[in-house]
Amino acid sequence: MVALIDQLYNVTALRECSSLNVAAWIVFGLGISKMVFLTLNFSKMVLDLFVLPGPDFKKYGKGKGAYAVVTGASDGIGKEYAKQLAKRGFNLILISRTESKLVELKKEIETECKIDVKILAIDVSSDSKENYTLIREVASGLPVTVLINNVGKSHSIPVPFDQTEESELRDIITINNTATLMITQTLLPQLKASVKTLKCRGLILTMGSFGGLLPTPFLATYSGSKAFLQSWSNALAGELSSDSIDVELVLSYLVTSAMSKIRRSSALIPSPKAFVRSTLNSIGKRCGAQERFATSTPYWSHALYHFIIENTVGVYSKIANSINYSFHLSIRKRALKKAERQAKKQ
C-alpha cells in the first residue's frame with residue numbers, strides 16, 4: 001500500500017514538474033517572440049528613417065500640372081510645406097487667415113519656383129459655409145492631387161479643463177476637427193476626379209501631435225482633438241484606398257513654431273524646414289509609428305521617442321500620464337509667473 005502511494009506521489013510530482021516545464025517554455029517562447037518582434041520593428045524604423053529612399057512625387061502628379069492645397073500656410077510648418085512642395089514642382093493653393101502673409105509668400109514662391117500659386121484668406125474658426133464655398137471656387141477646375149491639413153490651434157498655455165475659456169475650447173475643436181473634416185470633404189470629389197484624369201495617386205496628409213498620441217493633462221481639449229484625427233485618418237485611409245488616395249496622419253513632438261513658443265531648434269527640436277523635409281521624405285513609411293496604420297512619426301528624434309514609449313510603458317499608461325502631468329504643470333507655472341511679471345511692468 002505504501003509503495004502504491006509513493007508511486008502515485010511520484011507520478012503526480014512528475015506531472016506537476018512537466019506542467020511547470022511547459023509553462024516555462026511557453027513564457028520563454030513568448031519572450032523570444034516579443035524580442036524578435038521589437039528587433040524587427042526597430043530595424044524597420046531605422047531603415048525608414050535613414051536608409052530607404054523617399055517617395056517619387058511623380059506618382060502624385062508631379063510634372064503634370066497638379067496642385068497641392070496647404071491649410072495654415074502663412075507661417076511655420078504650413079509655410080514650409082508650401083515651399084518644399086513648390087520645389088518639387090507642384091502648383092499651390094494656399095489657405096490661411098492673414099492675407100498679407102499669403103501675398104508675400106505667393107510672391108516669394110512664384111519668383112523662386114516659376115509655378116502657379118493661388119491664395120485664399122479665410123478664418124476657419126468661424127466655421128461658416130461661405131468658407132467652404134470659397135475653397136471650392138478657388139480650386140474649381142484645377143487638378144488637385146495633394147491636400148495638407150496643417151491648420152491647427154492649441155491652448156495659449158497649459159490649463160485645467162474646467163478653467164478653459166469657452167471661446168478657446170470652441171476654437172480648438174472647430175479649427176482642429178470641424179474645419180479639417182469640412183475642407184477635406186469639400187475637396188475630396190476634386191481629388192478623386194483629378195486622380196483619374198492625371199492617372200496618378202492622391203495624397204491627404206493631416207498634422208497630428210504627440211498631444212493626441214499621449215493623453216495630455218492641462219491640454220485636455222487639444223489632446224482630445226488630435227486623438228480624434230488619429231481615428232479619423234485611419235478610417236479615411238481604409239475608405240479611400242480603392243480610390244488611389246493615400247491618407248496619412250503625421251505625428252510630431254516639439255517643433256520651433258508660434259504654437260509651441262519655442263524659438264531655437266536643436267537635435268531634438270527641429271525647425272519647420274527640417275521637420276517638413278523629413279515628412280515629405282517619409283510618405284508611405286511608418287518610421288517611429290511602426291505599430292500604427294496610416295500613421296508616420298517622421299523626424300528621427302520624435303520617432304525614437306515614440307518607439308520607446310509605445311514599447312515600454314505604453315501611451316495610455318498611468319506612468320506616461322503622470323510624467324505628462326508634471327511636465328505641463330511645470331510649463332503652466334512658468335507661464336503664469338511670466339504673465340505676472342509682465343503685468344507688474346505695465
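Each Cβ is built from the backbone N, Cα and C atoms, and glycine gets one as well.
According to Swiss-Prot:
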- Y222: active site, proton donor (ACT_SITE)
- K226: active site, lowers pKa of active site Tyr (ACT_SITE)
- V69, D123, N150, Y222, K226, V255, S257: NADP(+) binding site (BINDING)
- 23-43: transmembrane segment (TRANSMEM)
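Where Swiss-Prot records a feature, it is marked here on the structure.
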residue: V69; record: NADP(+) binding site; Cβ within 10 Å: 31
residue: D123; record: NADP(+) binding site; Cβ within 10 Å: 13
residue: N150; record: NADP(+) binding site; Cβ within 10 Å: 26
residue: Y222; record: active site, proton donor; Cβ within 10 Å: 26
residue: K226; record: active site, lowers pKa of active site Tyr; Cβ within 10 Å: 27
residue: V255; record: NADP(+) binding site; Cβ within 10 Å: 22
residue: S257; record: NADP(+) binding site; Cβ within 10 Å: 20
Inset, instruction - Measure from the Cα of K226 (active site, lowers pKa of active site Tyr) to the Cα of every one of the binding-site residues V69, D123, N150, V255, S257, then give the nearest. - result: N150
Legend entry - NADP(+) site span - longest C-alpha distance across V69, D123, N150, Y222, K226, V255, S257, in Å: 24
Legend entry - Integer Cα-Cα distance in angstrom, the residue listed as 'active site, proton donor' to N150 (NADP(+) binding site): 14
